[in-house]
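Visitor: I have a structure I would like to understand better, so I am pasting it below and will then ask my questions one at a time.
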Amino acid sequence: MSETEFHHGAQAGLELLRSSNSPTSASQSAGMTVTDQAFVTLATNDIYCQGALVLGQSLRRHRLTRKLVVLITPQVSSLLRVILSKVFDEVIEVNLIDSADYIHLAFLKRPELGLTLTKLHCWTLTHYSKCVFLDADTLVLSNVDELFDRGEFSAAPDPGWPDCFNSGVFVFQPSLHTHKLLLQHAMEHGSFDGADQGLLNSFFRNWSTTDIHKHLPFIYNLSSNTMYTYSPAFKQFGSSAKVVHFLGSMKPWNYKYNPQSGSVLEQGSASSSQHQAAFLHLWWTVYQNNVLPLYKSVQAGEARASPGHTLCHSDVGGPCADSASGVGEPCENSTPSAGVPCANSPLGSNQPAQGLPEPTQIVDETLSLPEGRRSEDMIACPETETPAVITCDPLSQPSPQPADFTETETILQPANKVESVSSEETFEPSQELPAEALRDPSLQDALEVDLAVSVSQISIEEKVKELSPEEERRKWEEGRIDYMGKDAFARIQEKLDRFLQ
């Protein structure tokens, strides 16, 4: 298939985005919210938080009627937790080490599945009757509330092997019983691909043959970079895509973006197709318009509104407390860290955000938004009914994870530059900064990403900080072990093998 054919399909998809802001149901137009159902995602570090923020804002752009929940690991920095809480209704920390015995045991037996076991934690959100999980590297192009009409376990076929489903988007029903069965399956059988997709496919092994209604249409999990062999079908149905999935090692945040020309600069030698460049342009448009302003509002201390979302530490295998619980209730089933009591932090709504370090590195401060862009067009989070922010765990210092960046850059022009789509409704920020975050003098050091914003370029890069042996030992003694990165099982095994040789 030629690049021209892909080009036309991507253009059709962009046309869909232009017209996708209108209400799609009576409940949406009436502003109704289903409080016992939620969209769920996972962010394991500050880099993936960028994807989660874009995903959350893309969902809010299309007037979702369900709650938004993000699971995070202890590696996520204090500042990113604050910003996530401005978009998501619940920010829930998942700490496998401090979890219930059956979770801890599964992790000890299968340390290589640490990230997979973290994702499986979504089944413990039993204060919701049904959820839709979306990976942090997905982008929603239109309202997808109809996914909640599907049953467990509904997912789209994987483009590489259609008899298997892709676990980037799936419908599930939270259940502690199912969660235990999944962990038992992980301990006994592992994962044939070393990740959650292999484990879930072997657990729900009858998905391909049992119930066709649990096969989501491909438009709910369209890979942005797959070379589809049936080009007429892509041209015919590509414009109906509702969720784009950025599969592969190169994620949207690994590129650089020129806000003036709308071009994407690739950090590598490989060249992306025209249709992928168009989807990358969409991702960066949401990031520029709806995520960067959140950093700026935190930096300026402008996030003053009614108390908002829940910052919850869920680490014992039970369901996290309902975010709508009354004031004064501790976080249900939470385990406070040693020496720090689980407390309901007062917000101090009249306190300005003094002393908050800058979260971004401004290369050129003369331009923060493209010419003609109004601040009213930015989407923040809607007001919620939650009476207070509940924090049941101190915001911990993350551990750095080295990133691999090459110097070669290739400029990718978008297939069709799109005027940024502004929502018909503008939401004002409603999340107050937690008092701990405002008093933390090391927020800038804790942030594990460098955001460079200038007239001609926006980039996201992971900080690389080498720790001394003393600092590494102190981290281990404090229980802050980077199981997803430097301290991953595979890397420890490599060191042991070298030592024994």
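Keep in mind that glycine also has a Cβ here, set from the backbone N, Cα and C atoms.
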Visitor: Could you let me know which of TYR228, TYR257, TYR483 shows up in Swiss-Prot as O-linked glycosylation site?
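Guide: In Swiss-Prot, TYR228 carries the O-linked glycosylation site label; others show none in the record.
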Visitor: If I look at Swiss-Prot, which residue among SER191, SER323, SER459 would I find recorded as phosphoserine?
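Guide: Residue annotated phosphoserine in Swiss-Prot: SER459.
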Visitor: Look at the Mn(2+) binding annotation in Swiss-Prot, where ASP135, ASP137 are given, and name the residue from HIS245, HIS275, HIS281 listed for that site too.
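Guide: It is HIS245, as the record lists it for that site.
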Visitor: For the set SER22, SER399, say which residue Swiss-Prot annotates with phosphoserine.
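Guide: Cross-referencing SER22, SER399 with Swiss-Prot, phosphoserine lands on SER399.
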Visitor: Of SER240, SER314, SER368, SER423, which does Swiss-Prot mark as phosphoserine?
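Guide: My reading of Swiss-Prot gives SER368.
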Visitor: For ASN45 (UDP-alpha-D-glucose binding site), identify the closest of the recorded positions LYS119, ALA136, HIS245, LYS251, SER459, judging by Cα separation.
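Guide: Sorting the recorded positions by distance from ASN45 (UDP-alpha-D-glucose binding site), the top entry is ALA136.
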Visitor: If you measure every Cα to Cα pair among LEU42, THR44, ASN45, TYR48, ARG110, ASP135, ALA136, ASP137, HIS245, GLY248, LYS251, the residues listed for UDP, what is the largest value in Å?
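Guide: With LEU42, THR44, ASN45, TYR48, ARG110, ASP135, ALA136, ASP137, HIS245, GLY248, LYS251 as the binding residues for UDP, the largest Cα distance is 28 Å.
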Visitor: Which recorded positions from the set LYS119, ALA136, HIS245, LYS251, SER459 come within 10 angstroms of ASP196 (UDP-alpha-D-glucose binding site), judged by C-alpha positions?
Guide: LYS119
Visitor: Taking the Cβ of SER459 (phosphoserine) as the reference point, list residues of the same chain whose Cβ is under 8 angstroms away and which are at least six residues distant in sequence.
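Guide: When sequence neighbours closer than 6 are ignored, SER459 (phosphoserine) has LYS256, TYR257, ASP450, LEU451, ALA452 within Cβ distance under 8 Å.
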Visitor: Any same-chain residues 6+ apart from HIS245 (UDP binding site) with CB under 8 Å of its CB? Would you list them in sequence order, or say none?
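Guide: In sequence order, the residues whose Cβ lies under 8 Å from that of HIS245 (UDP binding site) (at least 6 apart) are ASP135, ASP137, THR138, ASN166, GLY168, VAL169, ASN221, LEU222, SER223, SER224.
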Visitor: By the count of other Cβ atoms within 10 Å, pick out the sparsest of the binding-site residues ASN45, SER167, ASP196, GLY248.
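Guide: Candidates: the binding-site residues ASN45, SER167, ASP196, GLY248. Fewest Cβ atoms within 10 Å: GLY248.
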